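J.: This is the structure I have questions about; it appears just below.
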Amino acid sequence: MNEPLIMYREGLWYLVILGVLTVAGAVFNLWLGAFVFLLFLFVVFFFRNPQRTIPEDEKAIISPADGVVLDVAEVNESYYLKGPAIKISIFLSIFDVHVNRAPLAGEVEYVHYRPGKFLPAFKSHASEINERNYIGIKNPYLQVLVVQITGFIARRIVSFVKPGDILKKGQLLGMIKFGSCTEIYLPKETVEVLVKKGQRVYGGTTVIGRIK
């Protein structure tokens, strides 16, 4: 899909509503109008979609999201990779860019939505019981799994892709509204992980792993 230049279109309805409320509020109460206008500016900030320079290296795997790495762990991934994997969990605060990007070029081979709860996204078990959406991508080198996970505030996952879609590296996959977590699972034996817990990463630019 084509990217918007400034902000993601999902935020436009919020802007229309808040714009009307700002004008109406200013008519009746200047302070109320000013408060709603601040909310208007926050929505513009939250739904921003800054342009990113995508690394061209075919073997570089880029971060699917902006945020802070919560954990890097060895796991057994059973949904798509079906084997030993490295899970990288990225926490997105309400101040981070919330669009998700393809970590590598390839074909969408697997999409699976699971309903669930809305625990705070930074909780270690949130990825197991919160609402989430799985996106499996395959290219000639490897398969990766990206998981969009809602949080306490974020209660809607938006996905742009379906099985069979061909993605460019860094292409938009979707977004999660208002604070969330994104996970990426990489095959343990074929990828060298280049990030660590506590590190800040940027979707589309930070190289989080490299194909061996």
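Backbone N, Cα and C define each Cβ position, glycine as well.
Please treat TrEMBL annotations as automatic predictions, because they have not gone through curation.
For 12-45, the entry in TrEMBL reads transmembrane segment. Positions annotated as active site, schiff-base intermediate with substrate by TrEMBL: Ser180. Residues annotated as pyruvic acid (Ser) in TrEMBL: Ser180.
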J.: Taking the Cβ of the residue listed as 'active site, schiff-base intermediate with substrate' as centre, how many other Cβ atoms lie within 10 Å?
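T.: Summing over all protein chains shown, the residue listed as 'active site, schiff-base intermediate with substrate' has 31 other Cβ atoms within 10 Å.
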J.: DSSP on the residue listed as 'active site, schiff-base intermediate with substrate', three-state: which is it?
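T.: It is in a strand.
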